[in-house]
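For reference, TrEMBL has these:
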SIGNAL    1-22  signal peptide
DOMAIN    205-287  domain 'Ig-like'
TRANSMEM  296-319  transmembrane segment
């Protein structure tokens, strides 16, 4: 606030008293309850309600710095190194002396720190904790309040230097932000600080799936079996196969491909998904039919039968047309 405006307002009030006679001259300090972070600077103003003062000054135990003007004088403390400091401003109005007194209170509030107690693993109990520390003038403990919220967690508030919240970790909480708000009450003033962190939720392999385009094949077909699994960190995949002959692994081991598969490739295809938090598995059974009969075989049989029948027909025709008889002995 501009001290010249404060002085003008107070001077006007001084002369607007019943009967038109000026009331007692007063001095005042702004802000009324100075609060400042320890080690930082402070600026205060002392304002007179009347112009007819002979002296307007500060009385403090620190080296005084500041400026003054009509009806006001400032006090500047470039480095507050006292947790509590009594400040006085006085004005002399003829034989009258008026004094305004206030107490400077310094504080220190450390930024909150958020951390997980161990790893948060899906389906297991986890705990997130926030801590903060504050220092205020001697005489009473800091009025500190901490609030945890976000990350899909219910808000939790606690008065003191720490707050914790237990929860059962869920996959959807991974990567969500958790915040901690620290609130330090200093008389009528409130000082705030906050911190944030991302919630890391780990997960053993889950939703492991194995599939093939179909489960019944014929010898000579191309066979493809695929495995997928969720988890954090992403799981490594490993196969247990009926046979390792003539097979290829693709997509980082997620797909087994067998060109020109044979009956020996039939059986259970089992996929194992593994990470540091656990394992998961799924499987599919592949069946094979025998090799299909070649279409040339029935054609050849048919031609042979037709040839025999034709030969018999020709022989019968010759027999009938020529009157063929067996020769006598």
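Glycine too: its Cβ is placed from the backbone N, Cα and C atoms.
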The domain 'Ig-like' (205-287) [mean pLDDT, rounded to integer]: 92
Secondary structure tally of the domain 'Ig-like' (205-287) (DSSP, helix then strand then coil): 6 helix, 51 strand, 26 coil
